[in-house]
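> Below is the structure I would like to discuss, written out as structure tokens.
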């Protein structure tokens, strides 16, 4: 018998796996479809959804013989029907159709609709008790306790599809909950990692969009520059793995090769490494509990040469500190944190505020909301969506005075 404890079992999913991809025309959806495209004999596409890219959605539906597709924009239904004419693909439009797509019978669902619009469809998939690969931050940041309780009640399995939480998910398998001492989420540090605070304050949009490692959308790239994205990931990790804020650390790692680490009681630290390519965590989710053939480049540590680490600076990047504050406040504070940040980032993109004012608007919104005494547990998706809108309105009200201070 080999002393190496490697499994030699038959694949857990030997047959064809039915899959649905919510947000199929976005960046996460594109990576997911790329993996499915590589091994089409393993998958049957049940449902696909998109926001407004009808041509892209119809093209995917035809390529993968999807059974149902939905476009979020109800005004695009006629266009979608025309694009699918002559096929057997059923289609719909609007929120109800997207939720219908999520609730259809599939073994595996990728929940990659961005924003609060992704919450109800993800819940529809969860309620079926299926396996859900979660790439929507709002499900956890805005409704974490409620979302995870609902998943547990339905018997659904939640697989984290983003790189950091997927890394933690893999590393956590090395031990038991009572043996865990902390998890460590890594951050690239973004384009302003070495900048002085005064320079960060005045950073331009073009500078904020120059991420050193990842190719991402505009909003998440700005969040990386402010380290708000890492704050959101701390919040997600807390809900996803039932961890206290004190059990979650952040470590700046400029090379973005080590994505997450877990420390156990015996002081062993287990880490997951990989190239900065979203197809790696998505492939882990798509094959789980088996491993499928990846599409990303192999990791060449000799070529990379060195891996470096440093502590985060909570003074130059206050958005990270605010995430911990929101977690400790609870009762909807993380929802407010996320909503205020979205308003602030939109204002920065529109050149209404300086980069440094993003965190100030988030902090002022949180403080104002706490002073109003409106904190309460969120008991439903509608509660989370209502608080999200309330927080956006509050942030918008505070925005002019933040902008005036910066001028």
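Every residue, even glycine, has its Cβ placed from backbone N, Cα and C.
As listed in Swiss-Prot for this protein:
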BINDING   25, 26, 27, 28, 53, 136, 138, 217  NADPH binding site
BINDING   137, 163, 164, 188, 211, 224, 229, 230, 233  1-deoxy-D-xylulose 5-phosphate binding site
BINDING   162, 164, 233  Mn(2+) binding site
> Would you identify the secondary structure of residue 137 (1-deoxy-D-xylulose 5-phosphate binding site) according to DSSP, in three states?
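Coil, per DSSP.
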> Please work out the number of neighbouring Cβ atoms within 10 Å of the Cβ of residue 137 (1-deoxy-D-xylulose 5-phosphate binding site), leaving out its own Cβ.
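Cβ-Cβ neighbours of residue 137 (1-deoxy-D-xylulose 5-phosphate binding site) within 10 Å number 20.
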> In the structure shown, with every protein chain counted, which of the binding-site residues 26, 217 has the densest set of Cβ atoms within 10 angstroms of its Cβ?
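The largest 10 Å Cβ neighbour count belongs to 26.
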> Test of understanding: give the count of other CB atoms lying within 10 angstroms of the CB of residue 28 (NADPH binding site).
25
> Quick one: among the binding-site residues 138, 162, which has the most Cβ atoms sitting within 10 Å of its own Cβ?
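Per the Cβ count, the most surrounded site is 138.
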> Taking the Cα atoms as reference points, how far is residue 28 (NADPH binding site) from residue 211 (1-deoxy-D-xylulose 5-phosphate binding site) in Å?
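With the alpha carbons as reference points, the distance is 18 Å.
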> Show, in sequence order, which residues other than 162, 164, 233 on the same chain lie with their Cβ within 8 Å of the centre of the Cβ atoms of the Mn(2+) site.
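Apart from the listed residues, the neighbours are 160, 163, 165, 166, 185, 229, 236, 237, 259, 260.
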> I'd like the number of other C-beta atoms within 10 A of the C-beta of residue 25 (NADPH binding site), please.
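If we count other Cβ atoms within 10 Å of residue 25 (NADPH binding site), we arrive at 22.
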> Can you tell me the CA-to-CA distance separating residue 233 (1-deoxy-D-xylulose 5-phosphate binding site) and residue 53 (NADPH binding site), as a whole number of Å?
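With the alpha carbons as reference points, the distance is 28 Å.
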> Measuring Cα to Cα, tell me the gap between residue 211 (1-deoxy-D-xylulose 5-phosphate binding site) and residue 217 (NADPH binding site) in whole angstrom.
11
> Quick check for the class: what is the C-alpha distance, in angstrom and rounded, between residue 164 (1-deoxy-D-xylulose 5-phosphate binding site) and residue 136 (NADPH binding site)?
13
> To the nearest Å, how far is the Cα of residue 25 (NADPH binding site) from the Cα of residue 229 (1-deoxy-D-xylulose 5-phosphate binding site)?
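Residue 25 (NADPH binding site) and residue 229 (1-deoxy-D-xylulose 5-phosphate binding site) have their Cα atoms 22 Å apart.
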> Radius 10 Å, atoms counted are CB only; among the binding-site residues 164, 233, which position scores highest?
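When each Cβ's neighbours within 10 Å are tallied, 233 leads.
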> Please work out the number of neighbouring Cβ atoms within 10 Å of the Cβ of residue 229 (1-deoxy-D-xylulose 5-phosphate binding site), leaving out its own Cβ.
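That number is 26.
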> Please name the residue among the binding-site residues 27, 136 whose C-beta has the most neighbouring C-beta atoms within 10 angstroms.
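Of 27, 136, the one with the most crowded Cβ is 136.
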